[in-house]
Amino acid sequence: MLGSTGSIGTQTLEIAKECPEQFKVVALTAGRNLDLLIKQIQEHQPEVVALARKDILPELQERLNSLTGKERPNALPHLVAGNDGLNIAASWHSADLVVTGIVGCAGLLPTLAAIKAGKDIALANKETLIAAGPVVIPELKRSGSRLLPADSEHSAIFQCLQGTPWPENARLSTGIPTPGLRNIQLTASGGAFRDWATEDLKHASIKDATSHPNWSMGKKITVDSATLMNKGLEVIEAHYLFGLDYDHIEIVIHPQSIIHSMIELNDSSVLAQMGWPDMKLPILYAMSWPNRINTSWRRLNLSEIGKLTFHEPDTSKYPCMELAYAAGKAAGTMPAVLNAANEEAVALFLEEKIHFLNIPKVIEAACENHKKDLKFDPQLQDVIEVDYWARREVRSQVQKDSNQITMATYKK
């Protein structure tokens with residue numbers, strides 16, 4: 001489990017706890033939440049644990065060694081740290097499946113390590129494909145690893161495609177177009193501001209942007225939902241996963257979040273996957289595919305819901321959506337720049353250094369400044385370099401333009 005203390009990680013471990021006959025946790029990676037990590041170690045007794053930060057490894061070691069009696073695991077895990085440590089855990093010899101729940105581009109290298117080791121991947125970290133699709137897809141084909149989408153929208157598409165013929169050379173989701181697939185419709189809740197008028201967004205606060213009406217998620221992805229960048233990034237991910245060009249991947253606002261996405265086939269029939277907005281459903285399917293595991297989870301009752309509604313997204317309200325389409329069509333290193341610039345812009349917003357409305361502005365400026373250096377056939381090092389450049393570029397922009405786009409100036 002990559003990112004065990006985050007939203008995806010905790011829900012994945014809940015599934016493992018509920019289904020002990022099907023799943024055994026052998027490796028955990030985490031950031032700095034040692035209290036929760038230690039509880040996870042006690043409960044799941046993994047063979048290896050990796051910390052992203054080397055400086056807190058001694059503290060973890062000391063705290064684990066001090067455990068006594070029933071609190072002490074039967075065997076303490078092998079402890080590693082840093083990038084090398086994350087890669088060791090991601091490619092751990094006894095793991096069959098790696099669930100990638102590390103937020104952002106930080107999940108790229110350990111995910112690649114898992115792929116190179118031939119592990120199947122339950123992909124909840126969309127940035128891996130968005131930033132490095134041209135690198136990841138060839139590695140999947142070389143290693144034979146299977147990529148199973150673990151986020152709700154791409155899981156929905158994947159589930160709908162189970163009844164369609166796959167080409168023999170396709171290894172599940174590796175960008176090879178599925179015969180008969182005409183169109184993908186990604187559903188979006190509309191995020192925290194779906195019921196706000198566009199002109200009212202100038203009053204948007206951090207609290208407003210991080211309060212999602214339907215889903216329980218981390219702060220970063222909740223802000224991405226509010227800007228609709230999350231859905232724009234999912235368009236790029238769907239392109240790499242399912243092989244359709246961008247003109248055949250649509251976004252539709254569906255406030256109830258019951259239909260998680262739809263596919264249209266060549267005969268004009270449309271298949272949809274439905275369920276309550278609960279991330280455990282797509283995570284479980286990615287973990288158990290091609291099987292279905294019986295659960296006691298809440299069952300969907302359409303009579304209880306009453307109605308399902310849909311409408312087109314407002315591009316003036318959600319400029320990030322069009323930025324994502326443009327970056328995807330530009331291809332090469334541009335999606336990596338878009339992704340990194342967005343991560344930095346959202347971080348700056350959460351730090352109260354820019355206003356919500358400035359998130360798309362700084363992203364667009366970074367993408368525009370990258371056009372002259374765009375690489376169409378990037379290698380891994382190219383992706384890493386432009387990721388670093390884009391983050392620095394965004395911070396530099398905000399520093400230079402602080403008189404215009406800081407929160408303090410905005411309040412004046």
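Just so you know, glycine gets a Cβ as well, placed from its N, Cα and C.
What Swiss-Prot records for Thr5, Gly6, Ser7, Ile8, Gly31, Arg32, Asn33, Asn125, Glu127, Gly218 is NADPH binding site. Counting Cβ atoms from all protein chains shown, Gly31 (NADPH binding site) has 17 others lying within 10 Å of its own Cβ.
Feature annotation from Swiss-Prot assigns 1-deoxy-D-xylulose 5-phosphate binding site to Lys126, Ser152, Glu153, Ser189, His212, Ser225, Asn230, Lys231, Glu234; the stated evidence is sequence analysis. DSSP gives His212 (1-deoxy-D-xylulose 5-phosphate binding site) a coil state; it is part of no helix or strand. Under 8 Å, Cβ to Cβ, and six or more positions away along its own chain, His212 (1-deoxy-D-xylulose 5-phosphate binding site) finds Ser189, Gly191, Ala192, Thr222, Ser225, Ala226.
Annotation comment: Swiss-Prot describes Asp151, Glu153, Glu234 as Mn(2+) binding site, evidence class sequence analysis. Annotation note: Glu234 (1-deoxy-D-xylulose 5-phosphate binding site) sits in a helical segment as assigned by DSSP. Listed in sequence order, Lys126, Asp151, Glu153, His154, Leu186 are the same-chain residues six or more apart from Glu234 (1-deoxy-D-xylulose 5-phosphate binding site) with CB atoms under 8 A from its CB.
Around the Cβ of Asn33 (NADPH binding site), a 10 Å sphere holds 14 further Cβ atoms from the protein chains shown.
Of all Cβ atoms in the shown protein chains, 26 besides its own fall within 10 Å of the Cβ of Glu153 (1-deoxy-D-xylulose 5-phosphate binding site).
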